[in-house]
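Presented below is the structure to which this report refers.
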Ligand code: GUN
C-alpha cells in the first residue's frame, strides 16, 4: 500500500477560504476580528511562527498585531501588557508565544489572559471547560489534527495511539478523539514496549519531537499516521515519523512540513473568529 498524503497546506487553504467568507460577513456588520500575538525574545523559530500567524490573519481579512518584548523583560511588564490587551475592546484574541524566558512564569502568564480572549485554549478555565463539555476554545494543534482526520473517514470504533502526553497536544487530542468515539491509548516515555505495541493501532499520532521514532516496520498495514513532531535537524524541519518507510505501509500520512503545522495556524484563526463572534453575542 502507498499512503495518500494528508496535505495540511491544501486542507488549511480550503478551511481558511471558509473563514475569510465569515470574516467578510462580520466586517459588513462593523466587526473586524483582531488577533494580537505577544512574543518575548528573539528565538528564530518562534519569531517565524508568530509572523506566519499574523500574515495568515491578515490574509483572511482580520486585523493583527505583534507585541515584541525583549528577552530580559520583567514578568510584571509582560503581565501589564496582557492586562492592557484584556481591557482593549478592539482585541479579540491574545496569544503569548511559548516557551518564555526563565525569569517569567509561564503558568502566571497563561492564567493572566482573559479566558474569553485565550484563543490558544491554554487557560485553566478553558481546559476545565473542554473536559466538562462546555463551549470553549479548543487548543489549536489538537483541533487541527481532528480536522485533518475528517478527511480519512469516521473515527468511531478505531483504535488510536497518541504518543506524547503534553498539555498542548497529547492530552487534549486524546480527549477530542474519545469524544469522536475512538478508543484511545495515551503513550509516553514510561510506556513499556511502546514502539512494538503500535502494530495494533488503526491510527498513530506522534507528538514527541523525536526524529525517526516511528517507522513503517512499527505500523499496522493501512494505518493512518499523523506526525506532530517538529524538530530541526541539519537546519531542516523533521517530524517523528520516518516518512518514506511509513508511507509504504500507511493508508494516510501527514508530511512534515506541510501537514499539521498549517492546520495549527488555521485553528488560531478559527478561534479568533469565534472570539469575535462570542464577544458580540453572535452564535
Ligand atoms: N509554541 C509552540 N506552539 C505554540 C502554540 O500553539 N501556542 C503558543 N502560544 N505558543 C506555542
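The backbone N, Cα and C atoms fix where each Cβ goes, glycine too.
Record features, source TrEMBL:
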- 6-120: domain 'Tetrahydrofolate dehydrogenase/cyclohydrolase catalytic' (DOMAIN)
- 139-278: domain 'Tetrahydrofolate dehydrogenase/cyclohydrolase NAD(P)-binding' (DOMAIN)
- 164, 165, 166: NADP(+) binding site (BINDING)
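This view paints the features noted in TrEMBL onto the structure.
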residue	record	Cβ within 10 Å
164	NADP(+) binding site	24
165	NADP(+) binding site	17
166	NADP(+) binding site	16
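Across the domain 'Tetrahydrofolate dehydrogenase/cyclohydrolase catalytic' (6-120), the model assigns an average pLDDT of 97. Sequence-ordered, the extra residues of this chain that approach the NADP(+) site, with Cβ no more than 8 Å from the Cβ center of 164, 165, 166, are 162, 163, 167, 168, 169, 170, 171, 186, 188, 207, 208.
Secondary structure at residue 166 (NADP(+) binding site), as computed by DSSP, is coil. DSSP assignment over the domain 'Tetrahydrofolate dehydrogenase/cyclohydrolase NAD(P)-binding' (139-278) gives 57 helix, 28 strand, 55 coil.
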